[in-house]
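Copied from TrEMBL, the annotated features are:
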- 1-22: region 'Disordered' (REGION)
- 37-401: domain 'Amino acid transporter transmembrane' (DOMAIN)
- 40-59: transmembrane segment (TRANSMEM)
- 65-89: transmembrane segment (TRANSMEM)
- 121-141: transmembrane segment (TRANSMEM)
- 161-178: transmembrane segment (TRANSMEM)
- 190-210: transmembrane segment (TRANSMEM)
- 230-249: transmembrane segment (TRANSMEM)
- 269-290: transmembrane segment (TRANSMEM)
- 310-336: transmembrane segment (TRANSMEM)
- 364-384: transmembrane segment (TRANSMEM)
Amino acid sequence: SNGETEKKEMGEEEKSGDQGKRGEEVDAGALFVLKSKGTWWHCGFHLTTSIVAPALLSLPYAFKFLGWAAGISCLVGGAAVTFYSYTLLSLTLQHHASHGHRYLRFRDMAHHILGPKWGRYYVGPIQMAVCYGVVIANALLGGQCLKAMYLVMDPNGEMKLYAFVMLFGALLLVLAQIPSFHSLRHINFFSLLLCLLYSASSAAASIFIGTTSNGPEKDYTILGDHETKVFGIFNAMAIIATTYGNGIIPEIQATLAAPVKGKMVKGLCMCYTVVIMTFFTVAISGYWAFGNKANGLIFTNFLNPETNHYLVPTWFIFLINFFTVLQLSAVAVVYLQPINDILESLFSDPTKKEFSIRNVIPRLAARSFFVVVATVFAAMLPFFGDINSLLGAFGFMPLDFV
């Protein structure tokens, strides 16, 4: 009967969830980082934090290379393709879980479905590069937002960007020590609220500037010669791919308590409701207000380059940058989880307690090292919009769109 079949599937999933953590070789990464305790709500919070991130503030910049029709078409197409791709990926994982094989990581899934070489030499390295690239990009943008807050308080301040990147890195250093992915559920709930706040604030500021005489003259012409326009189109598509990108779907699904049936799809529906509310409002309002003068980060358009005065109240600038910094820290920690999983597998002893001295010291040292290196890289890289397009072209496109 259907009832017996469902019970059998539930039993298999629970068994496989346990095996995923205590299989033939006990895996400290799965045991300590990828704990399967979450609900679909928690999954929705993780998904929203990993997708609806401050990279969306580059969308008006992408539109300036595409124009209205192509820009909106790419935004709608990106939403449709990624929602379908993530749902398909989730259902594939769910199918294997119902047959007693619950895969907790992207590379494990690739290993068993595509073959060992795909998992080890293609999917695994690309995923790690994407995750680390996101951490670096977030550290850079976090530094830029902190500097913007500093300049609001002291317009003649002389502190350099790298100092603010280091400050953001210090915040990340503390948050990186949160033990497991599941432990981030409350932080990621606040992250969801924050992305709604800064997206609404950004759209409101763009509309305000666009309706006043202080804003730039609206020009939606795509600038440049034929070659420049072609490169611009590819750049814009890569930015949109990054904005929708998520290279950690299996790891997020791994946080769900068994049985996983239907939970991930509910989480994706929650996430894409927020996506539609934020991506489209920021992209359309920003491009409408600034046209082909839209910058790589829409916040920088709120400063008049000729007079060096803000086009909106300074307290407003301070507030939206503050919201963004807080959410950036949550996004960076989420993308550190697959790296933490590998570090835990390499350096922790699964036969000892999670918070034993034997496991805490290597965890603290390894996680701190990776955050410090990411912060140093971020301090050396000046352009957030360009990092966005690079991540999209070489990371998110092959993982999520191919």
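Glycine is treated like the rest: Cβ placed from N, Cα and C.
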When counting C-beta pairs under 8 angstroms to the transmembrane segment (65-89), the leading stretch of 40-59, 269-290, 310-336 is 269-290
With a cut-off of 8 Å between Cβ atoms, can you find at least three pairs linking the transmembrane segment (161-178) to the transmembrane segment (230-249)? Only pairs 6 or more residues apart in sequence count. no
Count the CB pairs under 8 A between the transmembrane segment (190-210) and each of 40-59, 121-141, 230-249, 310-336, 364-384, then give me the winner. 310-336
Close approaches to the transmembrane segment (40-59) from elsewhere in its chain (Cβ under 8 angstroms; 6 or more beyond its ends): 75, 134, 137-138, 141, 181-182, 184-185, 188-189, 191-192, 195, 198-199, 202, 239-240, 242-246, 248, 252-253, 255-256, 262-264, 266-268, 270-271, 274-275, 278-279, 282-283, 286-287, 296-299, 324, 327-328, 330-331, 334-335, 384-385, 388
Cβ pairs under 8 Å only, please: of the recorded stretches 121-141, 230-249, 310-336, which one is richest in them relative to the transmembrane segment (364-384)? 121-141
